[in-house]
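Novice: One structure follows; several queries about it will come next.
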Amino acid sequence: MTLPKIPFTVIVLGFVSLFNDIASEMIYPIVPIFLTSVLGAPVSVIGFIEGIAEATASLMKFVFGYISDKMQKRKIFVTGGYGASAVSKLLMGIAFSWHFVLFARVIDRLGKGLRTSARDSILLQNATKENKGLIFGFHRAMDSAGAVLGPIFALILLYFLKNNIRLTFLIAFIPSVIGVILLILFVKEKRHEVKEKSFPIKLKWSGLSPSFKLFFIISMIFALGNSSDAFLILRAKDLGMATTLVVFTYVLYNLSQTIFATPAGQLADKIGARKVYAIGLLVFALVYALFGLMQNPVILWVLFPIYGIYIAFTDGVSKAYISEFITEKESGTYFGMYQTGTAVAGFFASFFAGLLWNQFGASATFYYGAALALLAFLVLGWGKMVKKI
């Protein structure tokens, strides 16, 4: 990674994401324990809370992406989003019932929906045709680094604080605030004059970029097989891996993302984002097929890091690819539509995965995911020849 090639604003946004993810990942793994052990909530409540929270984030990414395009303002949405997530950490620390935890989680996910599309638009503002992959890959790497450090910090705090979960939640507010301060002080956005009747996006399928429509369809096909990572963890447990070791393999997965995200972005700038994304689909298909086939948990120490490579080759790269056929002024809407659509498809993917697991066994869940990834790969290759949808 060559830092001089990355604009200052992008570097700052990377650190903002790093601090925010440290805070979020300090909290997320221990929320179920807090709900059941401290507040005495039933296990069924956990799924209800996370379902509502993630649905909020999914819908708001598109809504606020569209509004940020209409206003041609980005920083106010990004600041408000990270600020809301910071406040949610304090709310978690003082929660007295699972209803209050639900409120805090909705505030946190509302913040994610508020900031995500606008933040990606600021990243695009600072990109050129030659470094889009690098910029989105760098941001993905910083995000993943936070996902590695957060759980580690949480474990250290819980050890020294004698498992005081509330105090751990309150301390998580500190890195969140650091991120917001960095954002306010150092992130600049390019402003565009807003003309009353010149908003470029028509919210009709026929009014969208043909290239975007094709990639959106491909992404939806893939997302319908890309179930929650919880199924990977359940598979590890199903094969007899100890809980502590499962946590470590998941850390390796996030570490792998951190290491490979920026090089994957640079590779996208050299050979094209479409090709790198296609490689990511094949990696996903391979990993999911092996998760279905394997019977020895030792293989997980290899599969989880390889799964991280798939994330590195698709997450930031997909945004770099989308940015090839949209303008910065309309990017909030396009990014929001993409993120909301794939999130909704991901919800159904997890639902189908659960049904397959219960009816046909664990392997069926992963064969299904691998098959849809291969289908998306084939459509991506076929789509190169398509001129119009």
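Along the chain as shown, residues are numbered 1 onward.
A Cβ is built for glycine as well, from the same backbone N, Cα and C atoms used for every other residue.
What TrEMBL records for 9-388 is domain 'Major facilitator superfamily (MFS) profile'. For 90-107, 141-161, 167-187, 208-227, 239-255, 276-293, 299-322, 334-360, 366-383, the entry in TrEMBL reads transmembrane segment.
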Novice: Counting only residues 6+ away from its ends, which parts of the chain sit with a Cβ under 8 Å from the transmembrane segment (167-187)?
Specialist: 8-9, 12-13, 15-20, 22-24, 26-27, 30, 34, 75, 78-79, 82-83, 85-86, 89-90, 92-93, 122, 154, 157-158, 161
Novice: Who are the long-range neighbours of the transmembrane segment (90-107) in its own chain, taking Cβ under 8 Å and residues 6 or more past its ends?
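Specialist: Tertiary neighbours of the transmembrane segment (90-107) are 27, 31, 34-35, 39, 41, 45, 48-50, 52-53, 56, 84, 166-167, 169-170, 172-173.
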Novice: Would you kindly list the residues that approach the transmembrane segment (276-293) from elsewhere in its chain, counting only those six or more residues past its ends and only Cβ-Cβ distances under 8 Å?
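Specialist: Tertiary neighbours of the transmembrane segment (276-293) are 133, 222, 225-226, 232, 235, 264, 267-268, 299, 303, 306-307, 309-314, 317-318, 321, 362-367, 369-371, 373-374, 376-377, 380-381.
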Novice: So if I exclude everything within five residues of the ends of the transmembrane segment (366-383), which remaining residues of that chain have a CB under 8 angstroms from its CBs? That is, six or more out.
Specialist: 214-215, 217-219, 221-222, 224-227, 231, 235, 274, 277-278, 281-282, 284-286, 288-289, 291-292, 349, 352-353, 356
Novice: Take the C-beta pairs under 8 A between the transmembrane segment (299-322) and each of 141-161, 208-227, 239-255, 334-360. Which stretch has the highest count?
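Specialist: It is 239-255, which has the most Cβ pairs under 8 Å.
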Novice: Restricting to CB pairs under 8 Å, which listed stretch, 141-161, 239-255, 334-360, is in contact most with the transmembrane segment (208-227)?
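Specialist: It is 334-360 that shares the most Cβ pairs under 8 Å with the transmembrane segment (208-227).
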Novice: Using a Cβ cut-off of under 8 Å, list the residues of the same chain at least 6 residues beyond the transmembrane segment (141-161) that approach it.
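Specialist: Here the qualifying positions are 1, 14-15, 17-30, 167-168, 171-172, 247, 251, 254-255, 257-259, 261-262, 308, 311-312.
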